[in-house]
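Student: One structure is given below, represented as structure tokens, and several questions about it will come after.
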């Protein structure tokens, strides 16, 4: 009896040390590139990112372990944009969500907003920390963050959501904003 209680206790401790963060967003928003860049930064530190690594649209899931400061670790589970209908089956196993939007693809804005609202209204995610990433800020002809906030009605979303929500503009390609993403992951990850 005591050994099973200790085993249960150890499992709970293990789970808090390696939390899972979902990385969601439409196809082509830059989720895979973001993960590759974050992984490189956590292994090699901040310096030259090098050439943009090749990526393909994710069909299925990618699991990436990121070692953060203070011996913190988080597993980021990227779910392909084409898997949107089955995203909810992964919600119960995560403690946080990063939702990525493409600032350069205006035709995707309405569907991204609907996906975001669906994620935020999911019962298993009611207390999950959420980071909304507006990617591709370095591309020509992108929408400004002010325009995107207006189209998404971000103030209303943040005011009515049960989750703590943070928004961030970044470029996974150039590396702008990557340190802020890592800082957010460190701030929401339990030791």
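From the backbone N, Cα and C atoms, a Cβ is placed for every residue, glycine too.
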Student: For the GTP site that TrEMBL assigns to 25, 26, 27, 28, 29, 30, 31, 32, 135, 136, 137, 138, which of the candidates 81, 84 is also assigned?
Tutor: 81
Student: Write out the long-range same-chain contacts of residue 138 (GTP binding site), meaning residues 6 or more apart in sequence whose Cβ is under 8 Å from its Cβ.
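Tutor: The answer is 171, 173, 174, 176.
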Student: Measuring Cα to Cα, how many Å separate residue 81 (GTP binding site) from residue 58 (Mg(2+) binding site)?
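Tutor: Taking the Cα atoms only, residue 81 (GTP binding site) lies 7 Å from residue 58 (Mg(2+) binding site).
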Student: Between residue 29 (GTP binding site) and residue 58 (Mg(2+) binding site), what C-alpha distance do you get in Å?
Tutor: 11
